[in-house]
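Peer 1: Below is a structure I'd like to ask you about.
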């Protein structure tokens, strides 16, 4: 067995988020033994000293604003969800109960967003060396499963009502409750509404901080969906109030709104599965990333390109870049880093520089993944 010399260049300076990796030199390697670093870069990598920005004494104002909005909206949502459950029970309306189930999806998503904002501030450990961001995904999966159970029970009760026909609905109570539901959803929408268009016209993190917080934006979209459902319940309440013989509208609305609730959770479940399966996250195109890297002067080829996400909004990248023999490794590294961060704003990037070899053309391990 041939001997291998390992030069360990790992520097774990306290608070730093940019690390030199390990350089291996082997006689059997097809890569020439040149001193080229493997560098891991995070979003803070442009600032190697963090003394100027103490996250403990100067909390992120964007996260603080998002947290306040979510606290207000979740409190309103919880109070009225309980009110809708009581109102739906008194009115004997499954449609209102289904609307309450949709409020449960809103409340769960807000709690998950609040939890994500809190847990993302926790420091990484030797065991959880990427941090605790995936806890948000597990919470989302749990909330989806619980909502499915509640919706399934309501659909079962609606089927029983249509079959038996032995039920009465108090139209006045249903009308009052559904009217309040519309008003409350409008209030929650105003509480979560953010000014600005959410577009970035620059590549700096200062520009991105002016964009809408993704957690608040997701909660706002949930509330808009629930507002539309509440309007539907209000229309059904008017029909039943003036035409009590049309009481079957209530279980029919339950079916329709259950589909809406399940449709909402399916989009969440799709995102959860994509993160857990470490698929390429939404908003990041694999081919675009590959072409962007190949367009850098001095880059001849690349391989081992992997793009995944810690959470839905935190993409991660690792790649090996093969450069020309006369190319400046540090210059290529800087350009590649800046272009990737400017376009995709990766949470963490690991870029390893190698010298290009003709053997890479026929190496199966250097080929890209299937379409």
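Note that Cβ sites are derived from N, Cα and C of the backbone, with glycine treated the same way.
Feature list, courtesy of Swiss-Prot:
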- 49, 303, 320, 354: Zn(2+) 2 binding site (BINDING)
- 102, 106, 222, 226: Zn(2+) 1 binding site (BINDING)
- 295: phosphoserine (MOD_RES)
- 47-50: motif 'Mitochondrial localization signal' (MOTIF)
- 1-69: topological domain 'Cytoplasmic' (TOPO_DOM)
- 91-99: topological domain 'Lumenal' (TOPO_DOM)
- 121-136: topological domain 'Cytoplasmic' (TOPO_DOM)
- 158-172: topological domain 'Lumenal' (TOPO_DOM)
- 194-219: topological domain 'Cytoplasmic' (TOPO_DOM)
- 241-248: topological domain 'Lumenal' (TOPO_DOM)
- 270-303: topological domain 'Cytoplasmic' (TOPO_DOM)
- 325-371: topological domain 'Lumenal' (TOPO_DOM)
- 70-90: transmembrane segment (TRANSMEM)
- 100-120: transmembrane segment (TRANSMEM)
- 137-157: transmembrane segment (TRANSMEM)
- 173-193: transmembrane segment (TRANSMEM)
- 220-240: transmembrane segment (TRANSMEM)
- 249-269: transmembrane segment (TRANSMEM)
- 304-324: transmembrane segment (TRANSMEM)
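Locate each feature and note its surroundings.
Peer 2: Its Cβ taken as reference, residue 354 (Zn(2+) 2 binding site) is surrounded by 22 other Cβ atoms within 10 Å in the chains shown.
Following the DSSP three-state reduction, the secondary structure of residue 106 (Zn(2+) 1 binding site) is helix.
Within the same chain, no residue at least six positions away from residue 295 (phosphoserine) has a Cβ under 8 Å of its Cβ.
When pLDDT is averaged over the motif 'Mitochondrial localization signal' (47-50), the result is 44.
Listed as Cβ neighbours of the topological domain 'Lumenal' (91-99) (distance under 8 Å, sequence separation of 6 or more from its ends, same chain) are residues 84-85, 151, 154, 157-158, 161, 167-171, 173-174, 177-178, 181, 226, 229-230, 233, 236-237, 249-251, 253-254, 257-258, 261.
Through the fold, the topological domain 'Cytoplasmic' (121-136) approaches residues 55, 63, 112, 115, 275, 310-311, 314 of its own chain, all at least 6 residues removed from its boundaries and within a Cβ separation under 8 Å.
Long-range Cβ contacts of the topological domain 'Lumenal' (158-172) within its own chain (Cβ-Cβ under 8 Å, at least 6 residues beyond either end) map to 90-94, 237, 240-242, 244, 247-248, 250-252, 254-255, 258.
The DSSP breakdown of the topological domain 'Lumenal' (241-248) into helical (H, G, I), extended (E, B) and coil residues amounts to 5 helix, 0 strand, 3 coil.
Counting residues per DSSP class in helix, strand and coil order gives 16 helix, 5 strand, 13 coil for the topological domain 'Cytoplasmic' (270-303).
Tertiary proximity for the transmembrane segment (173-193) is limited to same-chain residues at least six positions away from its ends with a CB under 8 Å from its CB atoms, namely 69-70, 72-73, 76-77, 80, 83-84, 87-88, 90-91, 93, 95-96, 99, 106, 216, 219-220, 223-224, 226-227, 230-231, 233-234, 236-238, 240-241, 250.
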Peer 1: Per DSSP, to which secondary structure element type does residue 226 (Zn(2+) 1 binding site) belong, with helix, strand and coil as the options?
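Peer 2: DSSP call for residue 226 (Zn(2+) 1 binding site): helix.
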Peer 1: List, by number or range, the same-chain residues at least 6 past the transmembrane segment (70-90) whose CB is under 8 A from its CB atoms?
Peer 2: 96-97, 99-100, 103-104, 106-107, 110-111, 113-114, 117, 170, 173-174, 176-177, 180-181, 184, 187-188, 191-192, 215-216, 219, 223
Peer 1: Could you tell me which of these binding-site residues, 102, 303, 320, has the fewest other Cβ atoms within 10 Å of its Cβ?
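Peer 2: Taking 102, 303, 320 as the binding-site residues, the minimal 10 Å Cβ count falls on 303.
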Peer 1: Give me the stretch from 137-157, 220-240, 304-324 with the greatest number of Cβ pairs under 8 Å to the transmembrane segment (249-269).
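Peer 2: Of the candidates 137-157, 220-240, 304-324, 137-157 scores highest.
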Peer 1: Under 8 Å Cβ-Cβ from residue 106 (Zn(2+) 1 binding site), six or more apart in the same chain: what's there?
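Peer 2: Expected: 77, 188, 219, 222, 223, 226.
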Peer 1: Between the binding-site residues 222, 226, where is the Cβ count within 10 Å the lowest?
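Peer 2: Each of the binding-site residues 222, 226 was scored; lowest Cβ tally within 10 Å is 222.
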